[in-house]
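Listed in TrEMBL for this protein:
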{"type": "DOMAIN", "residues": "4-138", "note": "domain 'Globin'"}
{"type": "DOMAIN", "residues": "145-245", "note": "domain 'FAD-binding FR-type'"}
Amino acid sequence: MDAKPPSPDAFLIRRTMDEIAPVADKATSYFYALLFLRRPDLRDLFPVGMEAQRDRLFKALLTAADRIDDPAALTEYLAQLGRGHRKYGTQAHDYPAVGEALIGALARYGAAVWTSQTEAAWIRAYTVVSQVMIDAAAADEQTAPPWWDAEIVAHERRTPDVAVLTVRPGQAYPFLAGQYTSVQTPWWPRVWRHYSFASAPRADGLLTFHVRAVPAGWVSNALVHRAGAGDVIRLGPPAGSMTVDHSSGDGLLCLGGGTGIAPIKALVEDVAGHGVRRSVDVFYGARHTRDLYDLDTILALKARHPWLSVRTVVSDTPPDARSGPLPEAVEEFGPWEAYDAYLSGPPGMIRSTVDTLVRIGMPSHRIRHDLVHELVAAGD
Ligand SMILES: NC(=O)C1=CN([C@@H]2O[C@H](COP(=O)(O)OP(=O)(O)OC[C@H]3O[C@@H](n4cnc5c(N)ncnc54)[C@H](O)[C@@H]3O)[C@@H](O)[C@H]2O)C=CC1
């Protein structure tokens, strides 16, 4: 895919994105100003503080633009986005106003490269984007609610800033191990953050999440320090494709950094539940030994399953370190032929591990992880 030259529309779209990248903040503010000027009623769908939302829109656009020449990946991404927008109350008739505001903002901040061809390319792209989202939302409406309310039934503090929450959705909540969802708390209306499921689907329908309270993280601090049994949180639909292909017998190389261990634990449970003996090698990374808050659970799984190996990697690096020993450890224990890699953790860890795995010969289609830009919001 990357080797092919971009289509003319993709070329024009990427050129616009490159042009507005340095002024992305201004362009997105202007986009919302135009949108709310035309449709003041839409303001109520967004949180009071718009900072995180602004960033998300731009990143979602980048992702879509980046995939414009890969219709299958684009459709999957947009369909998920369309389903996910149901929880905000977005209606099909809202999309044209969004498109007009988008084109208005791009034309203004990308003026240096804006031509009638560029505008036509963006109109074509947005027509596809909005139609896929509208169709996916309409199809989803037939089978699923726009959101699920879920009562917290257990709240366990594992470290001063990490909590494990167990919740009971009011209605059945179908999902796959390795996926994540969005969470809204009663204390921050319309502010949604992503968290991975920390268990495979259970017979009792309960779901678990691992949450670290991060500085200035509204939702994460509320979930760790304020929430308790009996509180009701709201969940969006499940999303993400870091799931196990059960038709394959290949091994799983799983890296969980910090609270990134949550979906890894779910994946191990999923493999165990399918009863097929596949090698699963877990590398559990943390900055300090005390941060290995889920080690007992992982070791209990290892005690039950001989095909599971677990290695801990404690880095003792400061929070802003640009690399860490986790990718190095994975390299040391390789090669990883006939393995698929599952990476979960901070964006920097994912990037450096992808680089390492590709360098040591793992084909990139064997490497799975969530979208790095969604993890940034997840950290909040
Ligand atoms: N599905 C997913 O991918 C999930 C991702 N997360 C994300 O994981 C993060 C967890 O945060 P914390 O618990 O505070 O973890 P953390 O920041 O303490 O780091 C955990 C591990 O990652 C390593 N690491 C960090 N930056 C690295 C880099 N640039 N290169 C190599 N290794 C690096 C550290 O050395 C440590 O071993 C959050 O950003 C959260 O959003 C959490 C749950 C699921």
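Using the three backbone atoms N, Cα and C, a Cβ is placed for every residue, glycine included.
Caution: TrEMBL annotation is automatic and unverified by curators.
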| Looking only at the domain 'Globin' (4-138), what are its DSSP counts of helix, strand and coil residues? | 115 helix, 0 strand, 20 coil
| request: Would you mind giving the whole-number mean pLDDT across the domain 'Globin' (4-138)? | output: 90
| How do the residues of the domain 'FAD-binding FR-type' (145-245) split into helix, strand and coil according to DSSP? | 9 helix, 41 strand, 51 coil
